Amino acid sequence: MPVFLNTTSPEFETAFQTLLSAKREDSPDVDAVVAQIIADVRARGDAAVIELTAKFDRLELTSDTLAFSAAEIAEAVAKVSDVDRHALELAADRIRSYHEKQMPDDLQWTDEAGATLGWRWSAVSAAGLYVPGGLASYPSSVLMNAIPAKVAGVERLAIAVPTPDGVVNPVVLLAAQLSGVDTIYRIGGAQAIAALAYGTESITPVDKITGPGNAFVAAAKRRVFGKVGIDMIAGPSEILVIADSDNDPNWIALDLLSQAEHDESAQSILITDDAAFGQAVAQAVEKRLKTLQRRAIAGASWRDFGAIITVRDLDEATTLSNRIAPEHLELCVADPVALSAKTIHAGAIFLGQYTPEAIGDYVGGPNHVLPTARSARFSSGLSVMDFLKRTTLSQMTPEALRAIGPAAEQLARSESLEAHGLSVTARLKRLNG
Ligand SMILES: NC(=O)c1ccc[n+]([C@@H]2O[C@H](COP(=O)([O-])OP(=O)(O)OC[C@H]3O[C@@H](n4cnc5c(N)ncnc54)[C@H](O)[C@@H]3O)[C@@H](O)[C@H]2O)c1
Ligand SMILES: N[C@H](CO)Cc1c[nH]c[nH+]1
Ligand SMILES: [Zn+2]
């Protein structure tokens, strides 16, 4: 059973704190293993990647087969049904047009001192997208990672997807093709991250690595950060639903289960101003769990991390929601726009009872790679900005240098950085004759 909390109870604050700090991920000591794998890939390149792929994915590769060939991709993609293709194309189109609107403008102006200032955006040259293997291999996540990169203007896009026993999801390959991915490597884990970051004889290094993965992938991303950029370390999925009693309990139960079925460590929380409605949702969840395909995973998540919180009113719901800072927030209330306006910490907000979170996972348009584990307090979901860098621009005229140079000379003196000051002084001397 999930926990049932009520804000009128004297024990509420302690129980809520426990909910917020629940440790939802096993963190086995993988870092030492990952450090060793990265060192091995750096030292031995292809040979290390090939050996580790044989060991962990039971797949024998050569330098020539690390990447799928064009013929292999075409053969796999031909197996995708028309209905799957059309759904993926619709999703890709909607994700692309949403992300196109995120592109920021360059800006330049001349200030009162006569200095021309500004900034210019440019894309990273190459990005590597990690796609988890096996059952966790989601074509939708390929679109969500690759399309913003392409919209940002990334020239070279590579994917690393492990294919345990040689098995690959053809829809993943189609998603890569639709998004404009150049190369698809059939490798995974820390060795894939190391190869993308440092390069090998057959794998050209990239500048930025994005995408989710297991503990080995996450530890490797942390370790290669600095050599390359990374997006974030994504944790287990989360959903918080705020719902009044004017909802179908069955719909809300399914929304809670939609994230619970991702992972035993996922977290689904309902906040409602009607205790009886909360009970009805809890019953609907139990009923659904009897037949859901992924009931073992969803059931464990709901039992260990699920919660139903009864509040006095919807203002109190928003206060709690901002403290939780969920990855996904559904507002199934009469005036979702008003509640949304009061929300300051959430990765993505879904307004109204006709906007299930699953729409955002696939076809809404906004990105589904979002901050988890309360990191929505200080970060945002994946966007074109993750694949862009901002370069600042400054141009002084003689008048501008005369106007602001002396202050630079003074600051250089106060920092005892003589050459700094002199580089300004030398120019001012010439200008001032
Ligand atoms: N947040 C999201 O959007 C999202 C989406 C999809 C998947 N995921 C997460 O991605 C993860 C997928 O995990 P996965 O394991 O199925 O696939 P994965 O691709 O992340 O990892 C598979 C790789 O792990 C490495 N590995 C496994 N055991 C190892 C060991 N003992 N030592 C060294 N390396 C080892 C192997 O190299 C293997 O290729 C899950 O945690 C899932 O929740 C998250
Ligand atoms: N909800 C996941 C992110 O939290 C993303 C996803 C992919 N497929 C379905 N859902
Ligand atoms: Zn999902």
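Yeah, the Cβs are placed from backbone N, Cα and C, and that goes for glycine too.
Per TrEMBL, active site, proton acceptor is recorded for E327 (among others). Look at E327 (active site, proton acceptor): DSSP puts it in coil. Shown in sequence order, S237, E238, I239, A346, G347, A348, L370, P371, T372, A376 are the residues of the chain, 6+ apart in sequence, with a C-beta less than 8 angstroms from the C-beta of E327 (active site, proton acceptor).
The active site, proton acceptor annotation in TrEMBL covers H328 (among others). Other C-beta atoms found within 10 angstroms of the C-beta of H328 (active site, proton acceptor) number 26, with every protein chain shown included.
Sequence annotations record features per position, and here TrEMBL assigns NAD(+) binding site to Y130, Q191, N214. In sequence order, I37, D40, V41, A48, V49, L52, T53 are the residues of the chain that are 6 or more apart from Q191 (NAD(+) binding site) and have a CB within less than 8 Å of its CB.
Taken from TrEMBL, the feature substrate binding site applies to S237, Q259, H262, H328, D361, E415, H420. DSSP assigns H420 (substrate binding site) to a helix in the three-state reduction. Counting every protein chain shown, the number of other Cβ atoms lying within 10 Å of the Cβ of H420 (substrate binding site) is 15.
The Zn(2+) binding site annotation in TrEMBL covers Q259, H262, D361, H420.
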**OP:** Select the most exposed residue of N214, S237, Q259, where exposure means the fewest other Cβ atoms within 10 Å, treating these as the binding-site residues.
**Re:** N214
Original post:
Quick one: which residues besides Y130, Q191, N214 have a Cβ within 8 Å of the NAD(+) site's Cβ centroid, in sequence order?
Top reply: P132, A160, P162, G188, G189, A190, A192, I193, G213, F216, V217, A220
**OP:** Using a 10 Å cut-off, grab the number of neighbouring Cβ atoms around the Cβ of E415 (substrate binding site), all chains included.
**Re:** 10
**OP:** For D361 (substrate binding site), just count the other CB atoms lying within 10 A of its CB, please.
**Re:** 20
Original post:
N214, Q259, E327, E415: which of these recorded positions put a Cβ within less than 6 Å of any ligand 1 atom?
Top reply: N214
Subject >> Cβ neighbour count (within 10 Å, all chains shown) around H262 (substrate binding site) >> reply: 20
Original post:
Out of Q191, E327, D361, E415, H420, which recorded positions lie by ligand 3, with a C-beta less than 6 Å from some atom of it?
Top reply: D361
